[in-house]
Amino acid sequence: MKVVEVKHPLVRHKIGLMREGDVSTKRFRELAAEVGSLLTYEATADFETEKVTIEGWNGPVEVEQIKGKKVTVVPILRAGLGMMDGVLEHVPSARISVVGMYRDEETLEPVPYFEKLASNMPERMALVVDPMLATGGSMISTIDLLKDRGCTSIKALVLVAAPEGVAALEKAHPDVELYTASIDDCLNEQGYILPGLGDAGDKIFGTK
């Protein structure tokens, strides 16, 4: 599995700000979108282009346009919504596919509860977004679902990942690409990433 830990100074700085214990909901939400945008920039760097001729201000001009599969952004509810706007800055015409997963606090296993995907999934590249890759369960289950619907071109974008989650995702889906702002130290007994960001969903939505 291709794993890219984006080490751009802006990414490192913004993730550092997100780790502050007293970060406000507004600030955390803004930073989640900003880092999501920067991860998208990296994840789309290998998109193929083709030359086309358009009518410019002074006559025909040859330009490059992205070709290949159309993009669908797949936020995993609910926390993935916090990264979605940042992703859409770069691919504003992308279709949005929504998958609802929550983690059982006792078993730490993902439980699906909602699915609304774009049409023609086999023809699309999916950018799956979720702030945290902890055990990897929610991401793996979401990718399972996408593949069941015929989508074979998939990239996962997460703010922070635990080594355990990276290993689990690689074992389940070695053909998927992972882009993250940070691979942190480990998971604690409750399944939270250390040092991590805390509960990203609560911080994005202002719930406790």
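Placed from the backbone N, Cα and C atoms, the Cβ positions cover glycine too.
Quick caveat, the model's predicted, so the values are computed rather than measured.
Reduced to three states, the DSSP call for A134 (5-phospho-alpha-D-ribose 1-diphosphate binding site) is coil. There are 25 other CB atoms within 10 A of the CB of A134 (5-phospho-alpha-D-ribose 1-diphosphate binding site), with all protein chains counted. According to Swiss-Prot, the feature 5-phospho-alpha-D-ribose 1-diphosphate binding site maps to R78, R103, D130, P131, M132, L133, A134, T135, G136, G137, S138, D199.
Per Swiss-Prot, uracil binding site is recorded for I193, G198, D199, A200, and the stated evidence type is sequence analysis. Neighbours of I193 (uracil binding site), defined as other CB atoms within 10 A of its CB across all chains, total 28.
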Close in space but at least six residues away in sequence, with Cβ under 8 Å from that of S138 (5-phospho-alpha-D-ribose 1-diphosphate binding site), the same-chain residues are I76, M101, Y102, R103, P110, D130
For the uracil site given as I193, G198, D199, A200, which other residues of the same chain have their Cβ within 8 Å of the site's Cβ centre?
P131, M132, V160, Y192, G196, L197, G201, D202, K203
Checking the binding-site residues R78, M132, A134, G136 against D199 (uracil binding site) with a 10 Å Cα-Cα cut-off, in sequence order, leaves M132
